[in-house]
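Asks: Sharing a structure, written as structure tokens. Questions coming.
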Amino acid sequence: MERNLKNVLVISFGFLLLFTAYGGLQSLQSSLNSEEGLGVASLSVLYAALILSSMFLPPILIKKLGCKWTIAISMCCYITFSLGNFYASWYTLIPTSVILGLGGAPLWSAKCTYLTIAGTSYAEKAGKNAKDIINQYFGVFFLVFQSSGIWGNLISSLILSQSSTKVEISEEDLECCGAYNCLTDTTNTTGSAKPSNSLIYTLLGVYTASGVLAVLLVIIFLDQIKSDQAETEKEKLEAPSFWSTFLATFRHLKDKRQCLLIPLTMYSGFEQGFLSGDYTKVYVTCALGIQYVGYVMICFAAVNSLCSLLFGKISQFTGRKLLFALATVTNTACIIALLLWKPHPKQLAVFFVFPALWGLSDAVWQTQTNGLYGILFEKHKEAAFANYRLWESLGFVIAFGYSTKLQTYIKLYILLSVLVLSMVTYGAVEYLEAKSFPGTPAATKKENGRPHSQETHM
């Protein structure tokens with residue numbers, strides 16, 4: 001096997017093992033650690049730490065440690081979160097969430113850097129176009145990585161469904177499920193359906209082992225980047241000073257189009273935060289039990305992956321406006337339906353319809369928003385995508401932050417309001433582009449790539 005391809009596969013399967021554990025744990029946080037809102041508070045802290053990490057750590061760690069050891073050490077940060085869940089409390093989960101958040105940005109930056117260098121190196125040897133090889137390597141990575149959402153949630157559902165005590169949820173308790181949930185009583189319902197400690201420890205043991213395997217795979221099998229390649233990359237990292245990069249992120253806000261895209265970017269964090277923090281708890285766990293959370297999130301991950309691939313291909317024919325309209329209508333319909341629906345175990349199929357439609361919409365938000373940033377800010381991509389990470393992560397922080405403070409119907413109205421605002425400001429961006437380039441379709445033909453964005457899967 002060609003050596004560079006071997007390294008791509010090592011990174012891909014390392015991320016698969018790591019995010020099999022993290023993805024499953026993230027989906028369960030609001031249900032597994034529902035007392036006093038500990039689970040969603042930890043996720044809010046995690047994304048806040050990720051924002052700080054994105055601004056400070058990646059260039060420093062990659063420069064000092066190189067890509068291989070940055071990846072390995074950052075993966076260890078994820079393992080601490082699994083360990084913190086063994087004895088979940090404010091004194092274990094919050095610190096480990098901070099550690100994971102700080103490790104998140106260096107992990108993804110080092111991965112992108114490594115794949116880029118590996119692709120460039122092979123292209124030079126083979127006399128091929130570097131961009132083509134790099135795109136192939138990223139394609140292989142995401143092909144393997146995307147399935148982590150399926151495996152992590154499948155493991156949780158298979159283990160948690162082994163519970164010997166099947167709890168029958170009374171009609172009275174079911175009244176507390178859904179949009180108009182009883183904030184004080186929901187914890188009683190979820191608490192009574194909580195699996196035994198032995199099953200929880202088994203699940204966390206599997207997740208921790210998966211993370212450890214990921215680290216060992218990288219340490220043992222991933223080649224260190226050659227010194228001349230590493231030096232070249234260091235020069236690239238040193239070229240813009242930290243403060244110039246930091247200031248460039250905020251200086252980019254002088255661009256009116258960037259400011260208008262903030263609501264759309266934050267909405268991506270809001271809608272993902274609602275699905276993993278609220279839908280899983282107030283609808284699925286409340287009415288069916290925690291063992292169904294994994295199956296529901298598998299449905300979301302599978303539809304999301306398939307639609308991401310599909311929309312990436314067809315966007316060059318349909319244009320982004322039509323896809324944004326599709327996502328808006330689908331998401332709006334889901335939000336209105338969730339406001340009206342009273343979840344009941346007899347309506348099992350409905351619990352899977354919502355994440356499937358949510359996955360379809362999220363695929364548009366991810367592929368097209370990333371593509372839009374790449375097209376509009378082609379000359380300032382670094383600052384533009386730094387803004388993307390910043391505002392999407394802020395959306396996550398806010399969504400998880402108010403998750404335990406507000407009733408679900410209020411959160412759904414907030415989600416709908418942000419969606420409407422996003423479409424108004426997005427429309428203004430399209431208007432400005434049409435005004436700047438009359439007679440051209442605002443470069444829609446370029447929108448045919450799957451985004452390599454960490455936030456969707458952080």
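Numbers here mean position along the shown chain, with the first residue as 1.
The backbone N, Cα and C atoms fix where each Cβ goes, and this holds for glycine too.
So TrEMBL lists these for the protein:
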TRANSMEM  39-57  transmembrane segment
TRANSMEM  69-88  transmembrane segment
TRANSMEM  94-117  transmembrane segment
TRANSMEM  137-160  transmembrane segment
TRANSMEM  199-222  transmembrane segment
TRANSMEM  289-311  transmembrane segment
TRANSMEM  323-341  transmembrane segment
TRANSMEM  347-365  transmembrane segment
TRANSMEM  386-404  transmembrane segment
TRANSMEM  410-429  transmembrane segment
Asks: Can you name the far-off residues of the same chain, 6+ from the ends of the transmembrane segment (39-57), with a Cβ under 8 Å from a Cβ of it?
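Replies: Distant contacts of the transmembrane segment (39-57): 26, 28-33, 81, 88, 93-94, 96-106, 242, 246, 249, 269, 273, 276-277, 386, 389-390, 393-394, 396-397, 400-401, 403-404, 458.
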Asks: Quick test of the contact rule: Cβ under 8 Å, at least six residues beyond the ends. What residues does that give for the transmembrane segment (289-311)?
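Replies: For the transmembrane segment (289-311), the far contacts come to 23-24, 27-28, 31-32, 146-147, 149-150, 152-158, 160-161, 163, 167, 169, 190, 193-195, 275-276, 279-280, 323, 351-352, 355-356, 358-360, 362-364, 366-368, 450.
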Asks: Are there residues at least 6 beyond the ends of the transmembrane segment (69-88) whose Cβ is under 8 Å from a Cβ of it, and what are they?
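Replies: For the transmembrane segment (69-88), the far contacts come to 11, 14, 18, 21-22, 25, 32-33, 38-39, 46, 61-62, 95-97, 99-100, 102-104, 106-107, 109-111, 114, 201, 204, 207-208, 211-212, 214-215, 218-219, 222.
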Asks: So what's near the transmembrane segment (199-222) in sequence-distant terms, Cβ-Cβ under 8 Å and 6+ beyond its ends?
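Replies: Hits for the transmembrane segment (199-222): 6-7, 10-11, 13-18, 20-22, 24-25, 32, 68, 71-72, 75-76, 78-79, 82-83, 85-86, 152, 155-156, 159-160, 162-163.
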